[in-house]
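*Asks:* What follows is a single structure, and I will ask about it in a moment.
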Amino acid sequence: MHNAIYTDLQKEVEVILARPRGFCAGVSRAIEIVKLAIEYYKDTKTIYVLHEIVHNKYIVETLKTMGVIFIDKVDQAQDGSVLIYSAHGVSKSIKQLAELRDLEVIDATCPLVNKVHKEVQLYDKSGYQVILIGHKGHREVEGTVGQISTPVIIVQNLNDIDKIEIFDPDKLAYVTQTTLSVDDTKVIIDKLKKKFPNIKGPDLKDICYATQNRQTTTKRLAELVDIVFILGSKNSSNSNRLKELAGIQTQAFLIDSYKEIDLNLLNDITKIGITAGASAPDILVQQVIDFLKQHMKVKLSDLEIVQESVTFNVPRQLRQYKEQYNPI
């Protein structure tokens, strides 16, 4: 799309980069797990990943070139191989299927998603009917619903609340997908609490820190610029939320790479905002900057709302290997 003819090297634009942006701790951990597994099992075992390790085309294609095989079903993995669960988590039934096979399983589920899984299990064990606020069909939602055998009610919007059939309003609890819009989720929670005053739940604590930070920064960024580009894949929930939030204030486009930028959109633009979803590597942001510099004068600046320092450890076996062979 970018091959539209537009180049004005005299035109100066300010490009404001959102901070934080891109990889969250859960995504960084999942990708590190796969890369360490490639080294650890080199020439000894085939490595399969169940579903996309994270929802980003660039990352998936890069890992494929390193020998990783992405599959949709456990039975596609050969006996004696390694199977890695994606950052979005999997259902208990999938884990049970894997246990029946001769597979070495590594769980790359984000610890914050695992936290929601434990909440669902605890509520169910205590006799509560569970509502999950999230998007039907999303891998994370499928994994969370699959933590218990009791049916989980999925609420995607306010209208869904009116259709809920409850057994006992005093034994009702909710959890949320970790990558939702904070603002939209708060409205849904408020309506649930109004309709079911005794409902239990974590408020907005299930929505991960990185999702909240990126949304807060993106909202502010959109107020300052004429257009926002969000680096992220179309199937990335958190990236789509960033596009929606930025779009409230200004033009917003979710792109996989600089190749999707239509330069004609920038004719009358003086300020461009750039951010990235939690699964998007920063190399994609740098490529956008380099591309813009080929067509106009670029003045770079940062918008930093909050600093992040969260990290998650990889599984012990890989951590020991890393410490032994990849000393920092």
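Glycine residues also receive a Cβ, built from the backbone N, Cα and C atoms like all the rest.
Features from Swiss-Prot:
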BINDING   Cys24, Cys110, Cys208  [4Fe-4S] cluster binding site
BINDING   His55, His88, His138, Ser236, Ser237, Asn238, Ser279  isopentenyl diphosphate binding site
BINDING   His55, His88, His138, Thr178, Ser236, Ser237, Asn238, Ser279  (2E)-4-hydroxy-3-methylbut-2-enyl diphosphate binding site
BINDING   His55, His88, His138, Ser236, Ser237, Asn238, Ser279  dimethylallyl diphosphate binding site
ACT_SITE  Glu140  active site, proton donor
*Asks:* Considering only the recorded positions Cys110, Glu140, Thr178, Cys208, which fall within 10 Å of Ser279 (isopentenyl diphosphate binding site) when distances are taken between Cα atoms?
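*Replies:* Taking Cys110, Glu140, Thr178, Cys208 one by one, none has a Cα falling within 10 Å of Ser279 (isopentenyl diphosphate binding site).
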*Asks:* Near the Cβ of Cys110 ([4Fe-4S] cluster binding site), how many other Cβ atoms are there if near means within 10 Å?
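*Replies:* Other Cβ atoms found within 10 Å: 26.
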*Asks:* Using Cα coordinates, what distance in whole Å links Glu140 (active site, proton donor) and Cys208 ([4Fe-4S] cluster binding site)?
*Replies:* 13
*Asks:* To the nearest whole angstrom, state the Cα distance for the pair Cys24 ([4Fe-4S] cluster binding site) and Asn238 (isopentenyl diphosphate binding site).
*Replies:* 11
*Asks:* At the Cα level, what's the spacing in Å between Ser237 (isopentenyl diphosphate binding site) and Cys110 ([4Fe-4S] cluster binding site), rounded?
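*Replies:* About 15 Å separates the two Cα atoms.
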*Asks:* If one measures from the C-alpha of Asn238 (isopentenyl diphosphate binding site) to the C-alpha of Thr178 ((2E)-4-hydroxy-3-methylbut-2-enyl diphosphate binding site), what distance in angstrom results, rounded to a whole number?
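*Replies:* With distance taken Cα to Cα, Thr178 ((2E)-4-hydroxy-3-methylbut-2-enyl diphosphate binding site) is 9 Å from Asn238 (isopentenyl diphosphate binding site).
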*Asks:* In the structure shown, with every protein chain counted, which of the binding-site residues Thr178, Ser236, Ser237, Asn238, Ser279 has the densest set of Cβ atoms within 10 angstroms of its Cβ?
*Replies:* Ser279
*Asks:* If you measure every Cα to Cα pair among His55, His88, His138, Ser236, Ser237, Asn238, Ser279, the residues listed for isopentenyl diphosphate, what is the largest value in Å?
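*Replies:* Looking at His55, His88, His138, Ser236, Ser237, Asn238, Ser279 as a set, their Cα atoms extend up to 15 Å apart.
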*Asks:* What kind of secondary structure is the residue listed as 'active site, proton donor' part of, going by DSSP in three states?
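*Replies:* Reduced to three states, the DSSP call for the residue listed as 'active site, proton donor' is helix.
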*Asks:* Between the Cα atoms of His138 (isopentenyl diphosphate binding site) and Thr178 ((2E)-4-hydroxy-3-methylbut-2-enyl diphosphate binding site), find the distance and write it as a whole number of Å.
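*Replies:* That separation, Cα to Cα, works out to 11 Å.
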*Asks:* Just to be sure I understand the packing, how many Cβ atoms besides its own are within 10 Å of the Cβ of Cys208 ([4Fe-4S] cluster binding site)?
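*Replies:* Neighbour count, Cβ to Cβ under the 10 Å cut-off: 25.
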